[in-house]
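Record features (TrEMBL):
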DOMAIN    445-602  domain 'Nephrocystin 3-like N-terminal'
REPEAT    920-952  repeat 'ANK'
REPEAT    953-985  repeat 'ANK'
REPEAT    986-1018  repeat 'ANK'
REPEAT    1023-1051  repeat 'ANK'
REGION    1081-1133  region 'Disordered'
COMPBIAS  1089-1099  compositional bias 'Low complexity'
Amino acid sequence: MQLQVSAAGSLSGTDADQADCLPQVLNASCVSKALLPSVSAQSWGIQPIIDFTKPPAFTRPAMSDPSIYTVGWICAVGTELVAATAFLDEEHDALEQQPATDNNTYILGRIWKHNVVIAALPHWQYGLVSAATVARDMLRSFPNVRLGLMVGIGGGAPSPKHDIRLGDIVVSSPDYGTGGVLQYDYGKTIQGERFAMTGYLNQPPQCLLTAISVLESRYESDGHTINADIERVFEKKPRLRSKYQKPDSYTDKLYHSSYRHAGGKSDDCAIVCDNADSLVIRRQRSQVEDSPMIHFGLIASASQLMQDADIRDRLSTEKGILCFEMEAAGLMNHFPCLVIRGICDYSDTHKNEAWQGYAAMAAGAYAKDLLRKVAPNKVEGERKLADVLSQVTEELGAIVPIIHDTQTRIEEIHVDKHRENIARWLKAPAVSSNLNKALEARHPGSGQGLIQTESYQKWKTQSKSFLWLNGIPGCGKTILTATVIEDLRASSQPLLYFYFDFTDIEKQRFENTIRSLIDQLYHNNQSAREVLGSLYSSCDGGSEQPRVDQLQAILVKMIQQSGEVWIILDALDECTSREELLRWLRGIRTEEVNFHILTTSRPERDITSAIEQFSSDEEQIAIQSDLITADIRSYVHAHIREHEDFQIWKTRPDIQEEIESNLVKKADGMFRWVWCQITALKRCRDPITLRKALASLPKTLDETYARILSSIPPEYVDHTIRILQFLTYSERPLRVEEAVDMIAVRVGANIAKESRFKTQDRMPIPTDIVGYCSSLVVLVQTRDWDDDETTTVEVMQLAHFSVRDYLTSDRLNPESAQSLQEMPARASIAEVCLAYLLALKSDHLGGRIPDGSTLSETVSEFIQRDYPFSRYSAQYWTSHAITVEHNSDSVFMLAKELFSSESQFEIWCSLAEPDVPIETMGSPIYFASLHGLLRCVYWLLENGADVNASGAYYKYPLQAASARGHKDIVQLLLNAGADVDSKGGIWDNALQVASGRGHKDIVQLLLNAGADVNAYGGFYKYPLQAASARGHKDIVQLLLNTGADVNTEGGFHGTALRAAFISENEDIVQLLLDYGASWEDTRSDTRSDTTSSLYSTSTDGEDGLTHEQQPVQSSKRRFSGPHVDTIAKKQHK
């Protein structure tokens, strides 16, 4: 093909059918106009507008007259320009000349009866300044422009009111005095905020607003033809279809605001972020609803790209924002325009380039439709935008310093933002509450006996020192650590501490100890920050989680950078991974770092044995009574003379002395014992009763607790036992308001259904609940575990570790043991939770069981506000019922009642799964199978439940039971006719999920029932790949023996060998090779499928697909070692 350019700039060619239009999108400031004819417009994705082989349907002017153009259309990116050009009814020739100061290049044409000038921002130059500059230059060259359009793509802000989806269209619409576009200053810090409103901008011209109303009315009655209009474009320009057609709807995924993109910028969300826990489940749009849907409202514009879902949601809630973009604020005040945005992502870290083409097309189609509703004479009645050109110039001068100021402020908060990201990545539990609690309980001046010991002083002065304080329960070890911390705070060296806590599961894990120490050192020492920053960067900017060994190594490096560090670890005996903790303590003593570690615990055998192996006798201090007798005396002396409960003895110093001497003499070094006796003695109101009590003080903590239980008034016994049952066996402490409702529940065969729970039965003063057993329970402030923010709540928990130790021991008296043993206690908890749920009938909610959107005030939120115990009951009743269902008729009867009532079952589902719409919930048999309720599954099947009913995350009951490892239920479902190869859900089939989760017995059951060993579908595509990726060698062997194809391809990893190879499962690699797996493809550093990076996947969470995904550029680099190298050599030979 040959193209020629005449002197006038017109095209001619010998192959006119293939002629390319000139690249009008190039910016003249960057590319010489003399070079334009040599550049193909197809390289910019622009298709020829005119077919020169056909006679024109209009008279095309030889050269365009700038005065005839009344509509100015501005695009930000090339994709938007392609879409805008595609919707022109005809294209005009370029201007013969334009002002030297105008650096824009234009596409000119006609839509209906309007002549339109289209300009794009310079390549890669986005934002307010570029938009304002393009608008200024356009008005200089086209002085008659009266209407402005900013058409293109933007980020959506889904909200309860606006169910915005990808591909939808948002139109800037004035409301309550606003102009349709809100300018905000992202990155500005005002009173802790990360953004600031800087004003609403001018509204679009009136004739456009009128046209919007007319078009909206037509769409409401007849629907729109946007998709048909786009299809007509594709018929004319088929090459556009691949990039600009609508993607499959399943690629439209909205992630929870707190869930950040799990990979690098180039990694596809569909792969690295695709797990059910991260997604917001939304209803499907019906066939009668518009798709795309048109939304009218406020668009937010700033100089920075919005990628923060938290700020997105906040602006959406507070200001009604529907969409975010970066250019309109540079135009609106002096280029009054309508902003039309096709939604291509959700303004978060999960960018979705696949939707950009269609979103641009949809916006362009709407803009064209809108212009067809604007009469040309109405346009002539609007003010020329050039009349305010001088104001544009002035405003542009004002915008530039604003942008500069914004950039400066962003740089200023970058460090703080980075620290926030580090903290979010580490997920370290907050430990300051434990220290504050210990400091509050500490009597001034206590602990000096320890501080003055020679061992403690040596620990402070010697390098790499270690000290272990050990003592019986209740001797005040935690209070002593508070004293040590207070003593060390005067030092300039970093001070780190961690309190293991039996009431907080997050503070019982060794890994969280390391995370907490790293977090504290990062924030307290500048020298250590760069070290952690390197690990953060190597984990793809926090998208991946480091291994525990990496965390241990980085902590050592951070200590080395810090020079000298103090570490205090309290209550080692309350750590659930003691062996790992003790091994770390032993190992860190061999490191070349200057640290001082002080630990406390009870002298339990495993701890004593381990510590004796790496510490000397001087480094071990047994907390005997003589070490803390002075502290106990000081505490008792002050309490008896100053506390209001003992003011009745103020005039009797002899009795005060008598109380003090008795308590100190009999304390035997136990602060906890003293505290309990003081609590009991304050009830004595006369000398005779007091002396009688002093004469019969219990000798031990066990005896103390036994007396407390036996002295509970009969009318309080039921409530006290229930409180202790919950606090001893629950997965978490109870909020005060939860506990108040919990004790108000009535259970029993003789209790009428309507009497199970009544709000009028609640205690009038919630905090009085501690009075039922004040010596055994306490109220404390702690972080709200259901809140992403650092809010605090008041919770009820056991007063001391020794209380739980006693309540779960065989030392209880028979009367108390009958109710507090695990089985009867769990049965009671399950009954109370079920009775409470069954009391929440729909009439309590005024019939509000909302359908569809999970973003509105859900039924879950509505119930929890009025019934605080509902969320706990819904989430935890099954974990207690599973252990007692088979022998507790009362629990079984209540569970049957829940499964039998549609309304109450829906309420339970909405509380247990608040992000899932009710219409997509599973059936009763699905949930009974999921939670392991064998007796309930059997009953449901007997009563006609569909064994193959579909719905929810795992799709089928068989898959749900297989995922959770409930072998007996799997067998029961198979016997009842469950389809062993039923397909659906994230794992696709039962055999794949059982293989991936490592349930060998269930895999065997399914295979025996005829499951297809090569069943295809789901994330891993094949069961063999799932087991290989997850490291389940015995299941891999079983599948191979049953006929699994060792070289099947598909899924994320491609083959089973590659899955095992990437996951570093050497034994499985060898096993697969022994069965004939192809090695060559696995040793390659490139992928043959759609992804160029490889990821290793470790065991997932409860229902999520992936827990940790680590990108690696080369499997050879990632997976190495003598054994693997030997395998490689054998295979290559």
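Cβ atoms here come from the backbone N, Cα and C positions, even for glycine.
Secondary structure by DSSP for the repeat 'ANK' (986-1018): 17 helix, 1 strand, 15 coil. For the repeat 'ANK' (1023-1051), the residues of the chain that approach it from at least six positions outside its boundaries are 987, 989, 991-998, 1000, 1003-1004, 1007, 1013-1016, 1057, 1059-1060, 1062-1063, 1065, 1067-1068, 1071-1072, 1075-1078, 1097-1099, judged by C-beta separation under 8 angstroms.
Distant neighbours of the repeat 'ANK' (920-952): 281, 283, 878-879, 881-882, 885-886, 892, 895-896, 899, 905-906, 909, 913, 958, 960-961, 963-964, 966, 968-969, 972-973, 976-979, 982, 984; these residues of the same chain sit at least 6 beyond its ends, with a Cβ under 8 Å from one of its Cβ atoms.
Confidence annotation: the repeat 'ANK' (1023-1051) carries a mean pLDDT of 91 in the model.
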